[in-house]
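To start, the structure under review is shown below, and the notes come after it.
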C-alpha cells in the first residue's frame, strides 16, 4: 500500500468536499506517495477517458515498470476531490491487495489535481467479447466468471459494493488474469439498512430492477444482478438487456423475466417508482429459449442471478460452488484465454496452458486453490 497521510491531517484537496445526493464518508486518510511525481514517469500513450480523468499508459523511468496513470483535474481547488475519485481511493484502501482487484500503487499531487497510479492491464472483457471469437468457448466463459466471482466475493466480504460492474470495468492482464477495476461508484456499505443511496448508479444494461424502480436502499444484490448480466453476455456474445433508456431497460428485463408482481417480489410495492408506470402482463421466457446454445448448468446459474427479489440472488461465494464450474469442460487456465489489445487490434494468441486447475477458493491464489472434495460432493451427480 502507498504511504498515507495521518488520520488527523486534512489533505488540502479535501476542502469543501461534500457528496451530492448521498452521505459522504471520509476515507479517513488519502494515500499520498510523496516519493512519486510525474517527472518519474514517461507517458507512452493514452488509454481512455472517464468522467473524472484521463488514463495514460506510462513507464516508471527508474524501474521500467509499466503502469496506468489516471490524471484527475480539479476545476477549482476549493471544490475538493471529486466524490467518485474519493470513493475509488477509499474502496481500494479497504480491500488492499487481492489478485482479482486492480492494484492501486500510488496517489500523488500533480498541478491542480492528482494522479492515481494503477498496475497496467492490457485490455478489458468488453474487448474480448467485441473482438474475440463468438461465442467464447464454454471453458473460457467459466474461467472469466470464476475470476469475476472471486473478486466480487472478496469485495462483498469486505462490505464493498462496486455498483458499476460491466465488461469494460473488468480488466485483462497480459497473462489472461481478470481484475475488477473502476471503483468510482463503490461504497462501503452499512448492513443497518437505514442509509439511503443514489439509484443512479450502474451502467444501464447492467442495472438491477430495484435501481430501475428508484430504490434508495439496496446492497450486494445490485452487483449480483450485474454479474448475471455479464454471464449472459459471455454466453450470448452480446448484451442480454440493451435498453436505450430506463423505461426500455425495464421492458428488456420484463420480456425475459416476465412482469414482476407483489406475489413474486413483495418489496416492489415499496419502491419509489413502482406506481409511476404500468406494464402489460407478460409471462417469463424459458432461459433456454433466450440462450439456446448454453448448457443446462450455465442456465441454472444464470437464473440464480437474474431474479427480481435481491435477497434471492445467489451470493458470489455460493456461486463459486455451483455445479456449472465442476462439469466438463472445466474452466480454462488464464494462459488459454484470448488477450486482445485495447482498441480492437489483434492480440497475442492464447498459449498452451498447464492442465486445468480446479480454482475456486476466494482467499487463496490459483496454485493453492484445489477444492476440498467434501465441499463439492453435494453438487456432483450421483454415480
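Start at 1 and count along the chain as shown; that gives each residue its number.
Backbone N, Cα and C atoms are what each Cβ position is placed from, and that goes for glycine too.
Now, the feature entries from TrEMBL:
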- 70: ATP binding site (BINDING)
- 41-325: domain 'Protein kinase' (DOMAIN)
- 1-36: region 'Disordered' (REGION)
- 335-383: region 'Disordered' (REGION)
- Around the Cβ of the residue listed as 'ATP binding site', the count of other Cβ atoms that are within 10 Å: 24
- Task: Give, as a single whole number between 0 and 100, the mean pLDDT over the domain 'Protein kinase' (41-325).
- Result: 87
